[in-house]
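Written below as structure tokens is the structure these notes are about.
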Amino acid sequence: MLRWLTAGESHGPALMGIIEGVPAGVEITSGHIADSLARRRLGYGRGARMKFEQDVVTILGGVRHGVTQGGPVAVQVGNTEWPKWEQIMAPDPVDPELLADQARNAPLTRPRPGHADFTGMQKYGFDEARPVLERASARETATRVAMGTVAAQFLKHLGIELVSHTVSIASVSVPDGRPLPEPADVIALDADPLRCFDRETSDAMVAEVDAAHKEGETLGGVVEVLAYGLPPGLGSYVHWDRRLDSRLAAALMGIQAIKGVEVGDGFRTAARRGSAAHDEIVRDEDGRIVRASNRAGGIEGGMSIGDVLRVRAAMKPIATVPRALKTIDVSTGEPAKAHHQRSDVCAVPAAGVVAEAMVALVLAEAVTEKFGGDSVAETARNIKGYLDNIPASLDSIGQ
């Protein structure tokens, strides 16, 4: 069974993650993880923090000479800004006199709308928002990307590859019918300012971000994750919590600022007649069984069908708005403007990288559940044996 956990705070010394259940033989280095974290920092409209705060990756366990050993893999993502926060965020008690004159230690008593601040203070009994925002911060996704990189490397050994891209920023969207990016397109995608596969749309997105920046606004959008090379049968129809689409939706909804998820054509199918909503099963010109389309996004009945997996996640505009929204200062009870720390105008491209990591983690878990294997070679043999034993009358290929 594959499982993982993260720990750490936004301005703490480091973020940490442990992923257990990764078979032996997966090639993974700190360089792989650092490259993924660099992708997370990409995107037009990011804030100043992306420029001066670096991710320092250290693999602490489970890997020897660039190869997993079968034990838990532990990864630390160090924070180069830690010296500035060492006293404010120290785990051990600090002399109050040392903290008194530090501006960074000022109580955050004006909770920000759209964040976890206010309800977190209620739930955990805090009189200020610092303890809440330190853990609730999207900075935590750096560890998820690290864990997802390990999972993606495992999947890559099995011929499964993932791609994420931006399909909309605010009201600017990639037109329907445009080709989907493939694994060979990742370098070009990452070179685009907004990780958009359509150049004309990307230019319009850049203009939208510029306009929002001038107006002191923030923007959201939609990202899509594609998975190529999946075998049929991951997930199950037997119970709700074993359905692959259920697990993907939960994983994507767990990303900060994500407010909606769809699989395949998702919400658009609700406006169609039944005959135009599903994927007919036919024979192609070579006589092989295929689906005539992929409106389902590669999942039917809670199981992968062998076609390209396609899921989307909708990100709301960043809640830390430069213009500062109305709130209440909980120390005085008076109306106030919310705290405004530096923020991005748009972080949708980064959300795509995080979503890609979360999808990798879900798929890696589904693969280990279905096929097992103490080594990646054993997992690959098990997949081959499974596919070889599908009866000829049921054999199919992906689109």
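Glycine is no exception: its Cβ is also placed from the backbone N, Cα and C atoms.
As given in Swiss-Prot:
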- Arg40, Arg46: NADP(+) binding site (BINDING)
- Arg135, Ala136, Ser137, Gln256, Ala257, Gly301, Lys316, Pro317, Ile318, Ala319, Thr320, Arg342: FMN binding site (BINDING)
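Taking a C-beta cut-off of under 8 angstroms and a sequence separation of 6 or more, Lys316 (FMN binding site) has the following same-chain neighbours: Gly114, Gly220, Ala257, Ile258, Lys259. DSSP assigns Arg40 (NADP(+) binding site) to a helical segment in the three-state reduction. Between Ser137 (FMN binding site) and Arg40 (NADP(+) binding site), the C-alpha separation comes to 15 Å. Listed binding-site residues: Ala257, Ile318; maximum Cβ neighbour count within 10 Å falls on Ile318. Cβ-based crowding with a 10 Å cutoff singles out Arg40 as the top-ranked of the binding-site residues Arg40, Arg46, Arg135. Cβ-based crowding with a 10 Å cutoff singles out Thr320 as the top-ranked of the binding-site residues Ser137, Thr320.
Distance from the CA of Arg40 (NADP(+) binding site) to the CA of Arg135 (FMN binding site) is 18 Å.
In the three-state DSSP classification, Arg135 (FMN binding site) falls within a helix.
A coil conformation is recorded for Ala257 (FMN binding site) in the three-state DSSP classification, outside any helix or strand.
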